[in-house]
Amino acid sequence: MTKLVQVAVAILIRPNGEYLLASRPQGKGWAGWWEFPGGKIESGETPAQALIREAQEELGITPTQTQPWIKRRYDYPATHDAEAKTVLLHFFFVHAWQGALQAREGQQFAWQHPQIGNVTPVLPANAPIMQALSLPPVYAISNVQEMGEPTFLQALKRQLDQGLQLLQVREPQLDSAALAQLSEQILQLCAPYDCRCLLNASPEQALQLGYQGVHLNSQRLLAMSVKPDHLLVGASCHNLEQLQKAQTLQLDFALLSPVLPTKSHPEAAGMGWEIFEDMLNGLEIPVYALGGMRPTHLAQAQACGARGIAMQSGLWQAQLA
Ligand SMILES: Nc1nc2c([nH]c(=O)n2[C@@H]2O[C@H](COP(=O)(O)OP(=O)(O)OP(=O)(O)O)[C@@H](O)[C@H]2O)c(=O)[nH]1
Ligand SMILES: [Mg+2]
């Protein structure tokens, strides 16, 4: 049996989503590969304590604002410069720190744009983490049906000004002419911003109306056999079977709902955070929590391993409060 190594990993992240990678120094296994700063948890240490110590030792900084994220297990084979081992990686976001970055182990640093990583090779255990980081923490869902078009468009503009980067247009009440007209307005409003829009419909409809992505409901997900080309693809899931299907198809992300009870689906009880966390354990596809979410739930969702939260009324209402 290979040994299990527990590791604390620091994702230094800037408000615009850029994150820091470092090259593994000569003399360590997998030298030259890119990784997040971090290292082995010593006996008697919590993962959060190890995170601070490793940041001080490797980077000369002290994290002041941290947030636990995904835990990930990975089996490394033996290589020319390292023995076989299984790692349990405890990823943390580090949003703020004291001190200036220093390469205390002779490593190189590279800040990465979330959608345009430009250093390779990155340690293989990190591939799903980079996929998740290419998506923003908040996924908005439109609500023209309840708010009316002018109020919704105003609220959308305010969210775009505040940095919204991912939007699902979901208006099943509209006929195709009304949907085309609304889509044109939304896409025009979003165009100057760094915000990707997905249509909740078929991939053909999404492409035809000029969207960058499609959001599949669970029925469309189950009927699909290959990921549609040329689109960012998300899917709504309500159980493990659907999550696994989304992962097998290599979709870009999934939603899992309902986590908490919600006004839009009053008949459904929420699964709660514990079951939500269990369902995400071991999955590689990025997942957003949906159902009763408000902006204040983000840290809780991420501590369960989610990429972030998806919100409909919780988002548009938050800014009116
Ligand atoms: N730091 C770090 N380690 C990672 C990442 N991804 C990943 O699989 N690992 C693995 O986790 C383990 C961390 O070990 P490390 O070499 O950084 O440990 P350390 O800083 O305590 O140094 P040491 O070698 O002096 O004990 C390695 O097996 C490494 O391959 C990552 O993004 N960052
Ligand atoms: Mg290290």
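In case you wondered, yes, glycine gets a Cβ from its N, Cα and C as well.
Copied over from TrEMBL, here are the features:
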- Arg24, Glu35, Phe36, Pro37, Gly38, Asn126: 8-oxo-dGTP binding site (BINDING)
- Gly38, Glu58: Mg(2+) binding site (BINDING)
- 3-137: domain 'Nudix hydrolase' (DOMAIN)
Review point. Where Pro37 (8-oxo-dGTP binding site) and Glu58 (Mg(2+) binding site) are concerned, what is their Cα separation in Å, rounded?
Key: 7
**Study point:** DSSP helix/strand/coil residue counts for the domain 'Nudix hydrolase' (3-137)
**Key:** 23 helix, 58 strand, 54 coil
Practice item. Between the Cα atoms of Asn126 (8-oxo-dGTP binding site) and Glu58 (Mg(2+) binding site), find the distance and write it as a whole number of Å. Key: 19
Revision key, fill the gap. The average per-residue pLDDT within the domain 'Nudix hydrolase' (3-137) comes out at 95
Check your understanding: Which whole number of Å gives the largest C-alpha distance between any two of Arg24, Glu35, Phe36, Pro37, Gly38, Asn126, the residues noted as binding 8-oxo-dGTP?
Key -> 14
Exercise for review: List the Cα distance (Å, whole number) between Phe36 (8-oxo-dGTP binding site) and Glu58 (Mg(2+) binding site).
Suggested key: 11
Study note, to complete from the structure: Within the same chain, the residues at least 6 apart in sequence whose Cβ is under 8 angstroms from that of Glu35 (8-oxo-dGTP binding site) are Val9, Leu21, Ala22, Ser23, Arg24, Val122, Leu123, Asn126
